[in-house]
Every structure is written in C-alpha cells, then in structure tokens.
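Heads up, the thing below is written out as structure tokens.
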Amino acid sequence: MTDRPCTPTLDRVTLPVDIKGLTDRELRSLADELRAETISAVSVTGGHLGAGLGVVELTVALHAIFDAPRDKIIWDVGHQCYPHKILTGRRDRIRTLRQGGGLSGFTKRSESPYDCFGAGHSSTSISAAVGFAAAREMGGDTGDAVAVIGDGSMSAGMAFEALNHGGHLKNRVIVILNDNEMSIAPPVGALSSYLSRLYAGAPFQDFKAAAKGALGLLPEPFQEGARRAKEMLKSVTVGGTLFEELGFSYVGPIDGHDLDQLLPVLRTVKQRAHAPVLIHVITKKGRGYAPAEAARDRGHATNKFNVLTGAQVKPVSNAPSYTKVFAQSLIKEAEVDERICAVTAAMPDGTGLNLFGERFPKRTFDVGIAEQHAVTFSAALAAGGMRPFCAIYSTFLQRGYDQIVHDVAIQRLPVRFAIDRAGLVGADGATHAGSFDVAFLSNLPGIVVMAAADEAELVHMVATAAAHDEGPIAFRYPRGDGVGVEMPVKGVPLQIGRGRVVSEGTRIALLSFGTRLAEVQVAAEALAARGISPTVADARFAKPLDRDLILQLAAHHEALITIEEGAIGGFGSHVAQLLAEAGVFDRGFRYRSMVLPDTFIDHNSAEVMYATAGLNAADIERKALETLGVEVLARRA
C-alpha cells in the first residue's frame, strides 16, 4: 500500500459541473490524477480495476462535454464506472467500494442521480439509451442518451437488437463502442486519427462527404493506407458499414486515450447530431498501470493489492475453490469419456473451464456473452450424441431460461448445467446473487436439480451428471473455497433423488439443501448442548425429491425445518407441497422453511449477507427452538 496520490486538479472537482471550466491542458492533468486515484482506491478495496483504467480519458471527456445528470450516461456492465463515481460526488466514499454500507461496484440508481440506469449484467446499455431517447421524444426527461458499451458486450444479441430498434426509431441517441481488443496498424491508425479530426471539424451531416473528400487531401503515402482502412472496415464485423446499415452514423475508430481526439469528436456530436450515432473508440484495458496491463485479464478483477508492485493480498485457504473442484472433476470425467465437452458464455476463467480448455481445447466452446445461444448450442450438442456441460453463473443462467424450457427440457435433452456462484456472492451484491435457479429450474418436468453440500459432494455430482442421459440435469455450488473435507479420489454417481442422513437425532429434523449444511451442523451442536439432539440430513436433490427420506423424517419427528440458499419457491416449497399432498399437516405436524428473504440484499461479505438473510447457525438454532415452542430459550439464542 502507498499514501494517497497528489491530485491538485482532481481536488478542485466535486461534481461534473466543476469540470466545465477546465482547459484542455487541465483536463489532461485531471485524467492522469483520476487514474492515480482509481488505482489507489481499488488497492484498498479490491474490485474491477482494468476496465475503469481503460476509460479514464473517455470518462473525463464525457463529463466535460455532456451535462449529466440531465444527459444520461449509461455504463454497460458497470465494471468501468469507478472513475465516473469519483467525478460525480462520491470521491469521499470511493474507498468504501464493494464494502458493507459503501458504494456499489456497479452503477446504481438509488446511489446517485448520476447513475441514471443500474448495471451489473452486460449488453443492456444500448437498449436503455434507446428507451431514454424515446421517452425524451414523448415528453419525458430531456437530455441526451449516451451508452458506453465494450466490444465484449457487443457479442450479445441484445446489443444488436437495440441497435436495430434504435436505427429504426431514428431518434438522437449516442453509442460509444469502447473497443479494448482491436489494434489498428500504424498507417491505418494515423489515417483514422486524421479522418476523425476532419469529421470533428465539419458539419455533422457532411461527415460522409468529408471522409470521401479527405482521401485526395492526404499525403500520398497515406492514400494506400486509407484504401486499406476502408476495405478493413468493410470486412470486419465492427466496421462502420454494419452500423450504418443498422441506421447509425459511424465515427471512428479514434484513440480513446487521446483527449485531443475525444474532445472535438464528442463536441461535434453533441452540437450537430440529429439521429443515431456510434463512436468507435480504441482503448487499452488497465491503461497506465503496468501490473494491470500485463495481467492475463488486464486486471479485470483484483483483491486488495500493493500499488508499487501490484502484488495482491490473497487470503490463505486450506481447501480448494468449488470452481476448481468442478473443473478438475470434469477433466477426470472427460479423460475417460470423449463425448464430454464444455460450454461457457465468456467466463472461462470464472467457471474454471480455462483449465478444461487447456486439457481439451477442441472440446471447449466459449460462445461469448450469449447465454441463450450457449444453452441451445448445448442442447444440439446433446442431440448430436455429445455429453455437454454448460457452465454458467446462476445469475447469468437467468438470461437463457426460455432456451432451458423450450430447447432442453421439452425435448428432454441431457444437457448438464454446472451452476457456479449459487447463493449470495458477496461484494458484487444483488445483481450477481444466485438466488433464483432452484426455483426456476425445479418446476420443469423431467429435470434433475442437485446442490453440493461441500466440495466432496460436488465431485460426486459431476460424476452423476456425466452418467445421466435421461434428460437435463443441473448442479449448483457457491463462490469461494470448500470447507476442507476429505476429497474422494474419484467421483461416484449418486442415486438420483436420494438424500442422506448425516446424523441421527430426535424431536426435530434439519434438512439442508446445499452448502448451508456446515451451518446446520453448528446449529445442531448448539441445540445438543441445550439437550435437544436434532437429526441432520442432506437432501442433495430438489428435483426429484427424496420422498421416502422426507416422509420418514416427518413420521419420526415433531418438526422439520428445511434450509437452503435460494429464494421462496425453491426446495422448501416443493417439500411443503409433498407434505401437504401426503396429509402430513393433517396431524398437526410442524414444518418451517428457511430461505433467502423476499428482498434484494445489498453487497457485503458473504458471511454478513447470510447473517442479514437469517441463514447462519444462530438463526437455524433459533428457528428450531421457536418451532419446538421453546420460546424462552429461543429469545436467548
């Protein structure tokens, strides 16, 4: 860690209005200081560093030219919003990023009027901008609508759906394509810079004419470069021709780190555009901080780190992460079954499929930010005789739900869904919480839904999924490390729809689904100290339920409590349905279901979030005492 940077220009800026009086030279100083402040802040909190560093100059230019919050600046995904937050009245809290009670790591409407539209998932910004522009034309909020979207987010179909609609409506809307992957060769780059300056100096309606006429004005060595640039833009998917066919005037590419290019182009668009415009800027993720630029993911997400060295502060763990256990287990299964393949939607590292891809590159598919396509692609792989594992975060699987129903479940195709980040995920907060998958999957006919209680169970569930060819099967597991149990040498397929009793007891049964089992066992020990010895069981399956186990627990106990890391409508609701149909409640049987509360829980550590949700050991103990009518002890618990 180091002391905070010296930021004399940034110290003069509290809100975007303070930027308006700065000279272009001062804006360049502001950008340098903003980059240093962003690095310093994230070194304290951890977070998504690289994306923000890549848009520092763009952020300064946008707030210098546009009039937020009247003008709506919409940041796609939100990973890149830290510099924006510093310039919009939140610098004094920037070192609370992603901390409990602190700033969100994404844009959030309830946090600031400058966050006009919340984010967390990708590829939504253009739709929002088109919507804001339509509202303006119908008499709603005035001001421009500006979407800032990365080239990665452009791999999602939703972005092009929005471009198509925006071009059709023909309302003034500005899309800035933040391209941090392409590189333009020097001759072409020089040409692009020159043409961009010509564009900025001409009336907007004459942009195309200026571009055509510019060729003859260029120095002779540049003319061939100009022709090559024109052909290149026609041949690649991000070229201007595609966007113009969709109804957007195309400007660029320009250097997104050069304020001498950004400022005049944005000024011209602000002053003269009357219809949809797309500005293509080239940036570098992690710009200005060598450790981030050198990182494989260019500093996408980091823990706390030392500013001087870039060395991250990582907690020591005695157990492997669930993600790594999944990846290693899948590799073992694939070594003996050539039909096993893996599909991810732009998250190979996050899902562990980068490890699988290193071992089996021809059996690994990264489809981009396209969960809908990932699911249907996996369905066809299964129909074609393969055994696909579709590994997607719980929160992102929501984006492919229709395909799960229509293309997988109805056709009973054996797609294996590996659902990472199940339950509450900590610092990323509500947008990334895996709260709903059990509820929206378990109501589908013919699907198998499992949840691993620990890392050893996950190994067996990977083996179970690999061996299951009778229809779709899903297994969920959380973010973070396992609990440190002894690991099996090899996964053994579980009997479908069969749970297990962990420990025998009397009076009350605690039936866990997922990794709350560790907390359930702590609660059971506390209850035993009070003279109440509960039975503890691991359901393993939410669909199909272990009817025999559940009905036996009901028959031999006064009460049953289910515990899960999911929303209302999931495992506990299915257990209640079973008990009701079996007439168990007719004899006065006591049943309680502990689930995530019916609210979106703000970011914090996962431990604090589960305490807020009422799903830690003390809460389980208290619920057991209340259910048994031990009110005095329950109040003390």
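Keep in mind that glycine also has a Cβ here, set from the backbone N, Cα and C atoms.
Here the structure is a predicted model, which means the values were calculated and not measured.
The annotation in Swiss-Prot ties Gly120, His121, Ser122, Gly152, Ser153, Asn180, Tyr289, Glu371 to thiamine diphosphate, and of the candidates under consideration, His79, His84, His406, the one tied to the same site is His79.
Between the CA atoms of Asp151 (Mg(2+) binding site) and Asn180 (thiamine diphosphate binding site) there is a gap of 7 Å, rounded to the nearest whole number. Look at His79 (thiamine diphosphate binding site): DSSP puts it in coil. Neighbour counts were taken at the CB atom with a 10 A radius for the binding-site residues Asp151, Glu371; the maximum falls on Glu371. Largest Cα to Cα distance within the recorded thiamine diphosphate binders His79, Gly120, His121, Ser122, Gly152, Ser153, Asn180, Tyr289, Glu371: about 32 Å as a whole number. In the shown protein chains, 24 other C-beta atoms lie within 10 A of the C-beta of His79 (thiamine diphosphate binding site).
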